Amino acid sequence: MSQLRFLLLEDSPLDAELIRATLTERGIDCELIQVKTRLEFVSSLEQGGFDLILADYALPGFDGITALGIAQNICPHIPFIFVTATLGEEVAIETLKQGATDYVLKQRLARLVPSVLRALREAEERRARERAEAELHRREQEFRALAENSPDLIARFDTKLRHLYVNPAIERAIKMANEAIAGKTPAELGFPEEIYVPLLARLGDAIATKEESFFEFEYPSPDGIRYFDVRIVPEFATDGSVQSLLSISRDITQYKLSQQALEASEAQLRQQTEKLEQANRIKDDFLAMLSHELRSPLNAILGWAKLLRTRKFDQNTVTKAIETIERNAKLQTQLIEDLLDISRIIRGKLTLQPQPTSLVTAIAASIDTLRLAAEAKSIDLQFLINGEKKLGTGDWGLSKLPNTKFIVNGDASRLQQIVWNLLYNAIKFTPAGGKVEIELSTVSVNQTKQLPITNYAQITIKDTGKGISGDFLPYVFETFRQADASITRQYGGLGLGLAIVRHLVELHGGTVSVESPGEGQGATFTVQLPLLERKEDKREKGDKEDKEDKEEFPLAGKRVLVVDDEPDTQEFLVFTLEQYGATTCAVASVASALEVLPSFQPDLLLSDIGMPNEDGYNLIRKVRNLADKIATLPAVALTAYARSEDRIRALEAGFQTHVAKPIEPEELVTVVANLLRSNVSNSSC
């Protein structure tokens, strides 16, 4: 520690020596520089380096007050003590008022050292305080510089949780100036409760615990929900108490959105993985079932064939063997036909040969092939038309049925296949002594714009069989799905029949659905197909050439609006339709389709589903909400979205038919022609 330096303003050598001796005796090690005149005093002060000034009050040429004033001008931070012989009370008080640190009478020099020590201590404390204040000021300036330019929301609160300061980021966020915010709590400023309640709670915790805390909150901004990460920092006074609190809020919206997107992506990946695993399980189950269903009939066929060749049997045994071989061969033929149909469906190769066909005939043919199977199980099988029983167990006068009603434009063999599959399932899953009822009726749906075709034939097949669980009901019409795929299952089959039914019904412009109260309570399958009703005064054109032209150009005179954003697909659709006589207009977006509708006046709308900006669902809804006759425009959804839920969504949106890509030209023309014919027929009723 360096030696102390005192400046002594004293004109008396004796008094100066007494002062020096007093300081030394009391242990104050200092260099005492004595000056006698004003000039020497000023010169020494200007040189600096003193820790204390001791001055006589009565000086030749100037007084102590003047000396005090000089010292305060040159070095105001140095303690100044008067050491004088006489000093009246009023003068003493005046010196202290003017800034003197203390005064000591020469006749009481014993007080000098305590006064000097106190002055030195106070000077050091003052310097430390000044240094602390300077450091605090520096830090405050740094804080302000950072806060003023920070994108984070920074606020300072007092212990009453009132705002002391907010940075420009907060001013911009809440569109209020710092001056309007200062002195008010978040609640008084009208902040949303979901923001200020947790904020005030955390601020209160920081005061109580004197510790930092962190939390997140959501802010409902006009641009949507924004997320903030908040840090609460207590600021302490010199005595260790909390004097203020700093709140730093950082916008973490992008991080949150990215995190949510990642979680959604992971969830989607898990779902896709589960679907893939499920598809693999279904495939494995199907292959196992296929092996079983193909091998079982072969076992009976090959076994009886070998026995017939190697042994002699009586006529009854031979007849039984031949019937067994024939029955199993037919069963295997049916399995192969189902597999071929599914293959055609998957490849888009399944086509129809439509012509006016009686549903009564198709149903009667199916009953004729299956009634023996029903009788073998003592099942009460009944056929009703419009609620009136026409045929039933013990009364099968099939040839007496009317076949001129319930005419649809369809493929006769495929319509019979639809009914056969549904009826076969009903008989298979109905226990002995049960009941199966098939009813043919008409339904009208002319109350909605979404279904401009008004008259439908409805086939309802109701049984008292094992029923369908609610969990499996949504998957009934999916390929390769069975309610029981275990090796201990009671019923055989590949689970293809209902998937084939759904596809065939949709090819005919119809719908198929199923209802079941649950397992053991039976099931009801409902098929709706558009009726082809003829006008009584319609004249047949007998000219062979006209008939050939009609077959060659089934879309002649029809206007089709094609909506598809994929150029190659659009070109294929237009070329195909025009090859069969249609006039087309092709656009690539919903907006363009709505723009050309009034001027083009199409007879049918053919639209893709997945398109940029707006999809096909939006298009059909907007068309159905139009005020004029265009609202009833027949519409076909042609899309790569081929799941059962996609088909249901398309029909609910307002399309009459849902066709999955890829599609063969013949199938496309068939679907369009069927829908146009059905619409014309219903419009003329």
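The backbone N, Cα and C atoms fix where each Cβ goes, and this holds for glycine too.
Annotated domain 'Response regulatory' per TrEMBL: 5-121 (among others), in sequence order.
Under the heading 4-aspartylphosphate, TrEMBL lists Asp56 (among others). In sequence order, Leu9, Glu10, Asp11, Ser12, Asp15, Gly64, Phe82, Val83, Thr84, Ala85 constitute the residues six or more apart from Asp56 (4-aspartylphosphate) in its chain with CB-CB distances below 8 Å.
Per TrEMBL, the feature coiled coil maps to 120-149 (among others). Sequence-distant neighbours of the coiled coil (120-149) (same chain, 6+ residues past either end, Cβ-Cβ under 8 Å): 4, 51-52, 77-79, 101, 165, 167-168, 238.
Residue counts of the domain 'PAC' (213-264) by helix, strand and coil are 12 helix, 32 strand, 8 coil (DSSP-based). Annotated domain 'PAC' per TrEMBL: 213-264, in sequence order.
Annotated coiled coil per TrEMBL: 255-282 (among others), in sequence order.
The domain 'Histidine kinase' annotation in TrEMBL covers 289-533.
The domain 'Response regulatory' annotation in TrEMBL covers 559-676 (among others). Broken down with DSSP, the domain 'Response regulatory' (559-676) shows 59 helix, 23 strand, 36 coil.
In sequence order, Val563, Asp564, Asp565, Glu566, Thr569, Gly616, Leu638, Thr639 make up the list of same-chain residues 6 or more apart from Asp608 (4-aspartylphosphate) whose Cβ falls under 8 Å from its Cβ. Here TrEMBL flags Asp608 (among others) as 4-aspartylphosphate.
Regional average pLDDT for the coiled coil (120-149) in the model is 81.
Helix, strand and coil counts from DSSP across the domain 'Response regulatory' (5-121) read 60 helix, 26 strand, 31 coil.
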